[in-house]
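Novice: Checked TrEMBL, it gives:
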- B:29-251: domain 'ABC transmembrane type-2' (DOMAIN)
- B:31-51: transmembrane segment (TRANSMEM)
- B:63-87: transmembrane segment (TRANSMEM)
- B:108-133: transmembrane segment (TRANSMEM)
- B:139-163: transmembrane segment (TRANSMEM)
- B:175-193: transmembrane segment (TRANSMEM)
- B:226-246: transmembrane segment (TRANSMEM)
């Protein structure tokens, strides 16, 4: 069964692709971490790379950033090899953990990044401002909270003014308030048209912040589309209606219905094309009290990433 | 929205060196071990009135001890400068730097320069303290000894880098500090090698501190086998540099 919903729409954009992964495979010894990923992302998309731990998200991110090399296949960022895109500041990232020195102040850390990218002093203040940490610039990194350190990583990532920003499990270990603040900063930033890819295993984050969700399982993409499409792919939707004499009808003959359940005068019809089912009910039957529900993303996630899903 | 050019010299810049030095000087342990301790050792072991009166080469014994402590300070400073890579690898900072235009070779060059700068500061501190505390030698010998103590400490910058890449520990200097003390004894820096007995004196010649000490003291003493000392320094520098290069390549390889 194919679960790809909209990868064709993603490839039809004009101009340079932000990300072009072509048949990317990554093996570590006998372990295959990424098993043939094709992924095209257009400029301006906000994409969630969603999957359980060990699905290959971080390995994929590492290859996007040129931190590791694909065993086979190619990765291109705006048409460039990832390492060049990194050096030119077209792609940057907020990594999961680590990567900070305790003896630097917040401002010095960002200033060092500016020095390395050949950016002026004014860019430092701007990055601190946008990451919302301007007022703690003089604080030693070792004295910052986890959320503040994450926003410092965000400020460093903003410094080269990248076209593509990658966030690898950016809110791991943050409390709810810290997560919300962090995402508000990211969302504000993305309104300027920056392409954002974030890896996460928090479903609600993918649902709330991404235009497109790429679901990864065991090194493969198992679903790709909007949050609504991904939910529908896994479980379809259920149309519930009240129809007098429901038990007399063979509902499985209705176009689009995959399973049907009758409870007295109430009928529950499940299928991927809920629109077709609803249209049938409203035009060909006396159905009323129509209700269409999709399963939530968590159900989709579990269904698509379960061991027997393939 | 994009930078169009790569920074020159692989990201090597004075701005980075300045920031790195500032960070290093913020670390109290580094300051105490590399700048305060060698000078304190000199005052403790080298300034008795007997040492001030007793002659050694062109100067007094206090000057002789001064040079040894300058070498010791330079060693500590350059080793901890090189070993910074260990702390930075442990913290994941090296990985973060790979998301910048900084080339690994430029990073190592910055580390070596920082090691040599704090080595120079350490040598200057001990020598200034010595000038006020009764060390006596001709100006030429003074300058020569100070420069040689500093220059020869390059071998320990290489040592620090090698160990920094070999030991991924946050507290690498807690291991390397005692190692340097033992090497200093073994190399005749704290006690002249010929006072250790002939077997020890022979072994001493093959240890890495021996050559540095002999060379640094030469403008004062004009004694000892200079070429043997040069060979010692060259061989250990080559060995540590090769080790550092080997680990460095392994560390920065993209897998």
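Indices start at 1 and increase along the chain as displayed.
Each residue, glycine too, has its Cβ placed from N, Cα and C.
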Novice: Residues sitting near the transmembrane segment (B:63-87): Cβ under 8 Å, six or more positions beyond its termini, same chain?
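Specialist: Beyond its ends, the transmembrane segment (B:63-87) has Cβ neighbours at 20, 24, 30, 33-35, 37-39, 41-42, 45-47, 51, 56-57, 94, 108, 111-112, 114-123, 125-127, 130, 135-137, 141-142, 145-146, 149-150, 152-154, 156-165, 167-170, 172-173, 176-177, 180, 184, 189-190, 209, 212-213, 216-217, 220-221, 244.
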Novice: If I count Cβ-Cβ pairs under 8 A between the transmembrane segment (B:139-163) and each of B:31-51, B:175-193, B:226-246, which range comes out on top?
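Specialist: It is B:226-246 that shares the most Cβ pairs under 8 Å with the transmembrane segment (B:139-163).
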Novice: How about long-range neighbours of the transmembrane segment (B:175-193): same chain, 6 or more residues beyond its ends, C-beta under 8 Å?
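Specialist: For the transmembrane segment (B:175-193), the list is 33, 45, 68, 71-72, 75-76, 79-80, 83, 156, 160, 163, 167, 169, 200-201, 203-205, 207-213.
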Novice: Could you give the residue numbers and ranges of same-chain residues that sit at least 6 residues beyond the transmembrane segment (B:226-246) on either side and whose C-beta is under 8 angstroms from one of its C-beta atoms?
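Specialist: Residues 82, 108, 152, 154-155, 158-159, 161-162, 164-166, 205-206, 208, 210-212, 214-215, 218.
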